[in-house]
Amino acid sequence: MAGPRGRRPAGRSARAAAAAAAGGGGRCCWALPTALLCAYGFFCSVRPSEPFLTRYLLGPYKNLSETQVFNEIYPVWTYSYLALLFPVFLATDYLRYKPVVLLQGLSLIITWFMLLYAQGLWAIQFLEFFYGMGTATDIAYYSYIYSVVDVNLYQQVTSYCRSATLVGYTVGSVSGQVLVSVAGWSLFSLNVISLTSISVAFGTAWFLPMPQKSFFFHHVSSQQLSWEMKVMDCKNGSAVQDHPNVQRTPGWEDETKVPLNEESHSAEKQSMQEQKVDIVKVLKDLWQDFLQCYSSRTMLCWSVWWALSTCGYFQVINYAQGLWEMVLPSHSTEIYNGAVEAASTLLGAVAVFVVGHIKTSWAMWGEVALALFSFLIAAAVYIMDTVRNIWVCYASYVVFRIIYMLLITIAT
């Protein structure tokens, strides 16, 4: 039983409470935020209208020209995404993830609402800016979970969160293709479904617990962390030592007892949140980390590849629909953009799963794989651009996405 008003239980009671928190209670603590985040990622990715975006913009709903769509609208997303990446990275850590997750949901809601009702070139360009914000804030989705679960669960929760988005994207692409080709639904209706799904995701995000720490601005000191690791055996969830200094560290009570006074508990959390953040020190630490990381030749090589390949990947997926539209105009025949997106996502997920179980030394063979697969990516893009056959374009696109997902996994 917990002691009165902010005093932690002593002796055997403390160890029992700690064991309970790390055991059954610990499972609940990581399962709830993981389930909520996966639900958010799933519904946020169910966007059946996305494979048909170019057709929608060029059609009677927006009545834009190819020059406007490809030269004046799509580049806005590219440059908005680039400009927002670094500030969003810092804001995500400073605000402790959840507000930026909510910002992502709100940005995507604005994007699809404007996609339904906005008219004119300027309005669609403004829409692309919000889409750039929505994609730049992806970092909050993928990093939130690491602030609320134990380090031993990182690999497990990462697979859950990535699987949720892949499944959501596949469901969205398949449902979009079926609704267009079989049920004969309009593209406007698909955008309504996309907006509804994103709104459900946004509502889910409000229930995510607010993290108490982040990596740079609100991190736990190494001394305190070492004490906590001594107290808790993270592998079996039992208390193994009771260090006296831990009793005085903020947040210990949160792990070992259920507070009798909720007001006192909230005040404790608020005092932790109001601790002064030394921004200059954080920026210095970031700079030192930067120098330390990129002094490694291997790290530098993979990071440069990652930056260039991600740039190329975004350019290809941004303009692939435009290329398919030029090869086979959608107004004259049936198109299968949704099926192609679904197939490339599913096969990419299978490739990622397989490479995750290959027992090899990537330190030795990684750069060989990097060179070989990069050549295959270049070949796929070249074939897609030069062979003016829609099925060849589709096949090249699927190969391109599978190899990219494979290499990104190896790089990670």
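In case you wondered, yes, glycine gets a Cβ from its N, Cα and C as well.
According to TrEMBL, the protein has these features:
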- 76-95: transmembrane segment (TRANSMEM)
- 102-124: transmembrane segment (TRANSMEM)
- 185-208: transmembrane segment (TRANSMEM)
- 300-320: transmembrane segment (TRANSMEM)
- 362-383: transmembrane segment (TRANSMEM)
- 389-411: transmembrane segment (TRANSMEM)
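Between the transmembrane segment (102-124) and the stretches 76-95, 185-208, 300-320, 362-383, 389-411, it is 185-208 that has the most C-beta pairs under 8 angstroms. The transmembrane segment (300-320) shares the most Cβ pairs under 8 Å with 362-383, out of the stretches 76-95, 185-208, 362-383. Distant neighbours of the transmembrane segment (185-208): 33, 36-37, 39-44, 46-50, 52, 55-56, 59, 61, 98, 101-102, 105-106, 108-109, 112-113, 115-116, 144, 172, 175-176, 179; these residues of the same chain sit at least 6 beyond its ends, with a Cβ under 8 Å from one of its Cβ atoms.
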